[in-house]
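Novice: Input: one structure, supplied below.
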């Protein structure tokens with residue numbers, strides 16, 4: 001089918017494509033979040049429960065992405081004191097459905 005330089009070129013192209021695709025996927029899947037010792041240490045029991053801790057971390061990350069232009073330290077503020085700050089509550093409000101918020105207000 002392909003002989004000589006064409007075959008080498010095709011093999012090189014396939015290897016290059018696989019390498020680029022794999023490295024791009026790795027960049028997307030890797031967690032690039034840097035956690036400070038005070039937020040993720042043993043003093044924060046919330047993070048011991050991995051699914052809950054992961055959701056809380058993600059809320060802070062997404063909130064930071066939305067508000068980093070006005071509050072550049074939002075990620076740190078949100079995670080401070082083991083997610084008990086007003087900044088975390090503000091972020092949580094952003095991602096709480098309106099209907100649920102209305103239900104909570106009526107209930108309490």
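Note: Cβ is positioned from N, Cα and C throughout, glycine not excepted.
Sharing the feature lines straight out of Swiss-Prot:
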DISULFID  44-82  disulfide bond
DISULFID  60-78  disulfide bond
DISULFID  63-91  disulfide bond
Novice: Given the disulfide-bonded residues 44, 82, 91, which one is most crowded in terms of C-beta atoms within 10 angstroms?
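Specialist: When each Cβ's neighbours within 10 Å are tallied, 91 tops the list.
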Novice: Select the closest residue to residue 60 (disulfide bond) from the following disulfide-bonded residues, measuring between CA atoms: 44, 82, 91.
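Specialist: In terms of Cα distance, residue 60 (disulfide bond) lies closest to 91.
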Novice: Within 10 Å of the Cβ of residue 63 (disulfide bond), how many other Cβ atoms can be counted across all chains shown?
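Specialist: If we count other Cβ atoms within 10 Å of residue 63 (disulfide bond), we arrive at 23.
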Novice: If one measures from the C-alpha of residue 63 (disulfide bond) to the C-alpha of residue 78 (disulfide bond), what distance in angstrom results, rounded to a whole number?
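Specialist: Answer for this pair: 8 Å between alpha carbons.
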Novice: In whole Å, how far is residue 78 (disulfide bond) from residue 91 (disulfide bond) when you measure between their Cα atoms?
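Specialist: Here the two Cα atoms are 8 Å apart.
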Novice: Have a look around residue 78 (disulfide bond) and count the other CB atoms within 10 A of its CB, chains all included.
Specialist: 27
Novice: Specify the count of other C-beta atoms within 10 Å of the C-beta of residue 60 (disulfide bond).
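Specialist: 24, counting other Cβ atoms within 10 Å of residue 60 (disulfide bond).
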